[in-house]
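Trainee: After the structure tokens below, expect a handful of questions from me.
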Amino acid sequence: MAAWVTDQRGEQTAKFCMMIIGIGYLFPIAAIWAAFDYWKVLFPDQNVEFSVTALYQIGSIATVAALSLSETFSLGRRILGGFSGQFLCLAAILAFRWLPVTRLVLYQLLLGVVLLCSVATGYLDSALFSLCSQYSTSMQQYLQIGIGFGTLVSVVYRDATKLLLAHDIADATCAYFIIALVTVLVCICAYRTLMSLPISRHMASNEDLNLEEKLMDKASRFESPLPYACGFSPGGYHDSEESANGLELNSEAGTSFSSVLRLVWFNQLVIFVNFALTTFCYPGLITAIPCRQMTWLRNGHWFQTILLTVFTLFDISARFITQHRFGLYWGNVQWTAVVRSLLLPLMVYCAASETGSDLVSMAVVAAFGFLNGYCASLCLIVINEIPSLSNPQRKTCGRISACSVNTGLCVGSVGASILATLALPPS
């Protein structure tokens, strides 16, 4: 508590706000995923999780790709616009219960709302990753922790509403999405609070100006608020030991999208693979794992709900230890994708094989969740530690990372949909 009271420059408050913003980044789609049991009641003959995930990722990558063509943007408008769009999408899903339409029309409406939600999240993508690339490693970790908490919070909300309103899944879902709407409002307040802190005053006063040009202009005295928030010197990113030793930054390569991509393509490929593995298994493959021995958990799809909870608990716990690298750095981070790939056959086995065990399924999901939280977060952090990148190039690298993340998520979700069609029966 004393640390918060003596928080003269708003350092702790800024970190807390950044974590809350991270929660809101993927929270709406995580909320839709966590309500999988309700979709199974409404659409019992379809694996809704696979189609919803694939459509969401396709819409998200298309939005990020379109926005990446713009050389300038307003940070505040994209973040607030993204959160506002997510709020409206969740409000629309809340209203589904009272719509006098057929299940087919309701299913089409669900897919439409998911597509709109992907567009709103794409706006957040284009701003948050660019901003995060200017931050120190510790603040990037807070954003990653927040992203992990977004999935965890959605699952915890779902567990609580199902327990408290066990008599009616429709009532439980209604209460769930009301709480989800409040959560998005809290995330909006967190962003406004961050912008109102003394360390962010210059950003708030220039919010209507061209943030992109200010960050990319080498002659500009405009500085990111993050180094102040984290206690670093105002010159920008200084976590890399190589940079501290005075290695020359590769400023001659330029700061255009294609120029920076030539410098970071391998690390971007690692990001792509890691996030493709994520949506190949989460949430569709996990919720497709049947309950075999623990028959008392079959009613209400509690077994699958527990699997999602296990995944998110281990995912968020791993995000707290990314400061421990175990010898990994930007030059060998590809091993994260290799190790995670080894678990993929086990995940498919748990979902498709009749000889599977419920305990084995929980253990595999837990391991996959832990590696997801650690590896996905680490590959996004270490790419900003490449010593040859200048601060303006890191800004562009953040935009490329947004494209790599969404492309990977899209490819993984499409692959999962193909697997569901070929090998998994409707659950």
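Backbone N, Cα and C define each Cβ position, glycine as well.
TrEMBL: automatically predicted annotations, no manual curation.
For reference, TrEMBL lists these features for the protein:
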TRANSMEM  16-36  transmembrane segment
TRANSMEM  48-67  transmembrane segment
TRANSMEM  79-99  transmembrane segment
TRANSMEM  105-129  transmembrane segment
TRANSMEM  141-157  transmembrane segment
TRANSMEM  169-191  transmembrane segment
TRANSMEM  269-289  transmembrane segment
TRANSMEM  301-321  transmembrane segment
TRANSMEM  328-348  transmembrane segment
TRANSMEM  360-383  transmembrane segment
TRANSMEM  403-424  transmembrane segment
Trainee: At a C-beta cut-off of under 8 Å, are there same-chain residues at least 6 beyond the transmembrane segment (169-191) that contact it? List them, or none.
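Mentor: Contacts with the transmembrane segment (169-191): 16-17, 20-21, 23-24, 27-28, 31, 34-35, 37-38, 41, 79-80, 83-84, 86-87, 90-91, 93-94, 97, 153-154, 157-158, 161-162, 300.
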Trainee: Count the CB pairs under 8 A between the transmembrane segment (403-424) and each of 48-67, 141-157, 269-289, 328-348, 360-383, then give me the winner.
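Mentor: When the Cβ pairs under 8 Å are tallied, 269-289 comes out ahead.
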Trainee: Between 16-36, 48-67, 269-289, 328-348, 360-383, who has the most Cβ pairs under 8 Å to the transmembrane segment (141-157)?
Mentor: 16-36
Trainee: So which of 16-36, 105-129, 269-289, 301-321, 328-348 is most in touch with the transmembrane segment (48-67), counting Cβ pairs under 8 Å?
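Mentor: Most Cβ pairs under 8 Å with the transmembrane segment (48-67) come from 105-129.
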Trainee: When you look at the transmembrane segment (269-289) alongside the transmembrane segment (301-321), do they share 3+ Cβ pairs under 8 Å, ignoring any pair fewer than 6 residues apart in sequence?
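Mentor: Yes; at least 3 Cβ pairs under 8 Å.
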